[in-house]
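Novice: Quick paste of what Swiss-Prot says about this protein:
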- Thr30, Leu31, Gly32, Pro33, Lys51, Asp87, Gly88, Thr89, Thr90, Thr91, Gly415, Asp495: ATP binding site (BINDING)
Amino acid sequence: MAAKDVKFSRDARERMLRGVNILADAVKVTLGPKGRNVVIDKSFGAPRITKDGVTVAKEIELEDKFENMGAQMVREVASKTNDIAGDGTTTATVLAQSIVQEGHKAVAAGMNPMDLKRGIDLAVSEVVAALGKAAKKIKTSEEVAQVGTISANGDESVGKMIAEAMQKVGNEGVITVEEAKTAETELEVVEGMQFDRGYLSPYFVTNADKMVADLEDAYILLHEKKLSNLQAMLPVLEAVVQTSKPLLIISEDVEGEALATLVVNKLRGGLKIAAVKAPGFGDRRKAMLEDIAILTGGQVISEDLGIKLENVGLNMLGRAKKVSISKENTTIVDGAGKKAEIQGRVAQIKQQIEETTSDYDKEKLQERLAKLAGGVAVIRVGGATEVEVKEKKDRVDDALNATRAAVEEGIVAGGGVALLRASANIKAAGANADQAAGINIVRRALQAPARQIASNAGAEASIVAGKILENKGATFGYNAQTGEYGDMIAMGIVDPVKVVRTALQDAASVAGLLVTTEAMIAEAPKKESAGGGMPGGMGGGGMGGMGGMDF
């Protein structure tokens with residue numbers, strides 16, 4: 001086992017504090033509408049420019065092991081906030097730095113660290129409750145746009161685009177952010193159920209210009225296995241021909257004789273038909289076929305259920321107003337499924353999302369949920385250069401997360417004002433002087449975000465904080481973008497409660513642990529061995545080679 005280096009009390013805390021400060025100082029320059037960018041060197045490709053706190057934090061690794069421990073603990077704050085709320089990482093870092101700095105001073109002055117931590121926890125739980133009470137629910141699309149705009153650093157076009165996407169796909173719908181191939185940023189909404197499988201043969205195309213197969217008011221046959229023998233399909237094909245409606249076949253695969261016969265019938269004009277492979281693989285394929293069945297009001301034809309293809313009647317087929325199939329995708333619009341059954345399926349998938357521990361499964365379940373609940377919107381972020389696109393994509397991601405959080409738990413005044421107000425309204429009293437000091441540490445820390453936003457905008461932080469606190473209006477604050485004071489909510493400067501709450505809870509949890517640290521252990525740096533004379537002469541006379549050793 002390698003030798004360890006151990007540091008105690010003041011020495012340990014000072015080294016740790018240095019690490020915390022290095023990381024927090026790099027992150028906090030990005031806070032607020034006038035926050036600056038950070039350039040990160042990449043081992044390959046162009047440097048990355050970002051204003052996203054967690055991206056900056058994740059890049060920082062310090063040489064000194066003890067300083068690095070402090071930095072990594074604060075990095076954990078940013079990552080945790082990012083995982084839960086998706087935004088507010090810089091605020092969380094600023095709060096954590098302030099609590100650690102003030103806590104360090106208090107411990108150095110001889111206070112009991114455990115009591116300080118109790119005081120910190122008391123104050124934080126009171127502030128979280130107060131934020132919940134002050135929250136204002138979001139009702140209009142304009143309010144959604146405001147949240148998005150603030151989080152995208154005052155970029156109104158991003159806010160509007162996110163509001164439009166949410167309006168179209170609903171709060172359950174999935175909104176994804178991709179890099180565009182052009183310089184324009186655009187929004188594309190896919191309504192209905194879309195999956196990434198195209199037609200099995202180009203002969204199924206109905207619109208040769210666009211190379212798509214459009215089926216209006218179609219029947220949909222969902223089959224779990226491969227279809228290679230046409231004989232079993234004849235009864236159902238004949239029944240569909242009688243109705244003169246088109247048919248879409250979704251199965252694991254259609255091959256050989258079956259595919260050839262379908263194509264020939266299509267070309268002769270007797271049968272309006274198209275076939276696609278089922279989406280997904282393994283168990284997920286079964287689940288997705290079930291989803292399509294519920295959406296279209298049909299049944300999955302499966303040997304497991306004892307349903308044979310020969311016995312399938314029209315009543316087992318799904319129905320949809322329109323099906324559009326391109327080379328890569330199939331979209332089913334307006335399925336004939338019952339509302340109650342779709343709702344039941346949505347609730348079931350939500351339950352699975354709650355229970356799963358794998359991020360990958362969660363993402364896939366969320367996609368399925370969106371396809372059932374309303375559709376998928378894609379925001380394609382464009383820019384003149386790759387570096388610009390990446391920077392903008394970071395902001396759009398943040399804005400999207402903030403908007404979701406706002407819809408979930410409501411909004412409070414932005415610009416650090418909600419926390420600043422909370423600092424003046426903490427009523428909790430500690431059981432002793434040290435706990436009271438812990439409560440005061442949180443009081444001071446709650447002012448840090450508003451002060452940092454002001455100083456990043458070139459204003460004097462103390463004057464701004466003083467002016468805001470003098471005015472008793474709950475939403476009165478400082479607009480760093482214009483340099484004016486006024487009602488933050490009226491000016492559209494709002495923060496999601498979830499983001500502010502998560503930032504404070506995560507910051508206090510990690511900072512509280514750092515304050516109570518008394519010893520630190522890290523691997524000792526390896527000492528380089530002096531002069532290399534030993535191996536050379538060993539073979540000579542006995543120990544003759546030792547001459548090179550430098551005692």
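Just so it is clear, glycine is given a Cβ too, placed from its N, Cα and C backbone atoms.
Buried or exposed, and what's around them? Tell me for each listed feature.
Specialist: Neighbour list (Thr90 (ATP binding site), Cβ cut-off 8 Å, at least 6 residues apart, same chain): Val27, Lys28, Thr30, Leu31, Gly35, Gly53, Ala78.
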Novice: Around Gly88 (ATP binding site), how many other C-beta atoms are within 10 angstroms of its C-beta?
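Specialist: Summing over all protein chains shown, Gly88 (ATP binding site) has 32 other Cβ atoms within 10 Å.
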Novice: Using a 10 Å cut-off, grab the number of neighbouring Cβ atoms around the Cβ of Gly415 (ATP binding site), all chains included.
Specialist: 27
